Amino acid sequence: MIQGVIQKIAGPAVIAKGMLGARMYDICKVGEEGLVGEIIRLDGDTAFVQVYEDTSGLKVGEPVVSTGLPLAVELGPGMLNGIYDGIQRPLERIREKTGIYITRGVVVHALDREKKWAWTPMVKPGDEVRGGMVLGTVPEFGFTHKILVPPDVRGRVKEVKPAGEYTVEEPVVVLEDGTELKMYHTWPVRRARPVQRKLDPNTPFLTGMRILDVLFPVAMGGTAAIPGPFGSGKTVTQQSLAKWSNADVVVYVGCGERGNEMTDVLVEFPELTDPKTGGPLMHRTVLIANTSNMPVAAREASIYVGVTIAEYFRDQGFSVALMADSTSRWAEALREISSRLEEMPAEEGYPPYLAARLAAFYERAGKVITLGGEEGAVTIVGAVSPPGGDMSEPVTQSTLRIVGAFWRLDASLAFRRHFPAINWNGSYSLFTSALDPWYRENVAEDYPELRDAISELLQREAGLQEIVQLVGPDALQDAERLVIEVGRIIREDFLQQNAYHEVDAYCSMKKAYGIMKMILAFYKEAEAAIKRGVSIDEILQLPVLERIGRARYVSEEEFPAYFEEAMKEIQGAFKALA
């Protein structure tokens, strides 16, 4: 065991002497209280340690002991429905042990060592096993939790525990070389879990939000960023994704944001029902709370802890969504640690390796064939909080170069009460063409063409709005006024969505397609009517416009009949005008 002494303390960074032989990213116990820290730089026998707890009261000369192990998480049954801090300490059990404030140096196992799980073996003595294979299963909240062989273990099974109830500490399989396999294993957070191979992203990550699913889709196993200034709806958008997306498991990392936002999740999710299992939504969620009043250094760890837990569920064949709220706070933590270490700053004081760290994090997303031969996916959605909504700052620009979908939130839309406040002229998705075959097969053959038509109308409307602001709407011809009116219908009746409305909070692809078809059918008929000499004012008086406006509040079950009636009414109304 390597033991040194504290030489200097600078906020969360501690510099220790006499650490010859220690390795990068080893975990240390710092000071008399044994605070958790991680070595982030070595220089001769001097180690630079970032401490994941409050360093107030530490003194020069106190001991620093290296454990020789990297920062690792415990992966096994008992994580779902859990809430952890940034280094995977269970907050619920810390509260039972020390009260509502986290005592420094407190040691609590991430997984409950007392609870018994119903084990069903899937291997027998004599079987050859290797990393990623399923040893057995455990039921957890309606899920079948697969107990996996750790990725770096292989051998022949010597004995297997019969079906029954065991704790996570009891060995359930013993290999011939004496290796004991328990229901859980540990994995270093900075190392991506290995896979057989990555697959092309060709199925959509459906969110239930029309603007995202239709105009800016993200693929299952893709990456997306939600940049936006304060109050533009980043957190509500991410919580909507966590509630309604078609992922099996959601890992929600609150990284440096307000504590009340984690409280919202803790209050709302247990009351909402998961459409797949019928149980509370909280049962498919793992929360990592590392709020703004917690130590800065643990923000960096919380992002890695979250993505490692997501990879573990992916290795079981689940599709996992990782919500990181917000990556800007993580970047600010990097900046603070970097400045304490007196490293050379780059743009706006961020360290030069900011883009590399962001890329290494987003790179861990993907749709894969796991070591066990299953298909799983991790989709990462990261919020970015640029100060003052300035999209040219380094974190936003670095993220922009990495992610596949960019959902830009706009404060001016939020102030106009247009939610989700995603700016359709400033957002993009690189997954659209890859997902078109899926849409043609599963939604409708003409779906991509309708989406492109909607997109084109919005662009034309944006161009005409500039003219209107200069000379007023009377200077436009009827055909151009029609484009502006249809653009308004698309914005208000299609892109807007109420996250708190029982029907409108979630919209299926079939319903979104139906509303698109209604709006475009109206536009086509109106365009033909204007060519025949009908005035735009007559068209805008038609009662069918109200029916299109009400479509988003019609339930999924009633929508097909409503759609048929609306299409007949549109054709009938324009025949009457002729």
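Glycine is treated like the rest: Cβ placed from N, Cα and C.
The ATP binding site feature in Swiss-Prot is assigned to GLY228, PRO229, PHE230, GLY231, SER232, GLY233, LYS234, THR235; the stated evidence is sequence analysis.
Structure coloured by features recorded in Swiss-Prot.
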residue: GLY228; record: ATP binding site; Cβ contacts under 8 Å, 6 or more apart: LYS234, ALA383, VAL384, SER385, PRO386, GLY389, ARG408, LEU409, ASP410, ALA411, ALA421
residue: PRO229; record: ATP binding site; Cβ contacts under 8 Å, 6 or more apart: SER385, PRO386, GLY388, GLY389, LEU409, ALA411
residue: PHE230; record: ATP binding site; Cβ contacts under 8 Å, 6 or more apart: SER385, GLY389
residue: GLY231; record: ATP binding site; Cβ contacts under 8 Å, 6 or more apart: ALA411, ALA414
residue: SER232; record: ATP binding site; Cβ contacts under 8 Å, 6 or more apart: GLY389, LEU409, ASP410, ALA411, LEU413, ALA414, ALA421
residue: GLY233; record: ATP binding site; Cβ contacts under 8 Å, 6 or more apart: LEU409, ALA414, PHE419, PRO420, ALA421
residue: THR235; record: ATP binding site; Cβ contacts under 8 Å, 6 or more apart: GLU257, GLU261, ASP264, ASP325, ALA383
Exercise. Determine which residues of the same chain, besides GLY228, PRO229, PHE230, GLY231, SER232, GLY233, LYS234, THR235, have their CB within 8 A of the center of the CB atoms at the recorded ATP site, and list them by sequence.
Key: SER385, LEU409, ALA411, ALA414, ALA421
Self-check item: Neighbouring C-beta atoms (10 Å sphere around the C-beta of LYS234 (ATP binding site))
Solution: 26
Quiz item: Helix, strand or coil at THR235 (ATP binding site), per DSSP?
Solution: helix
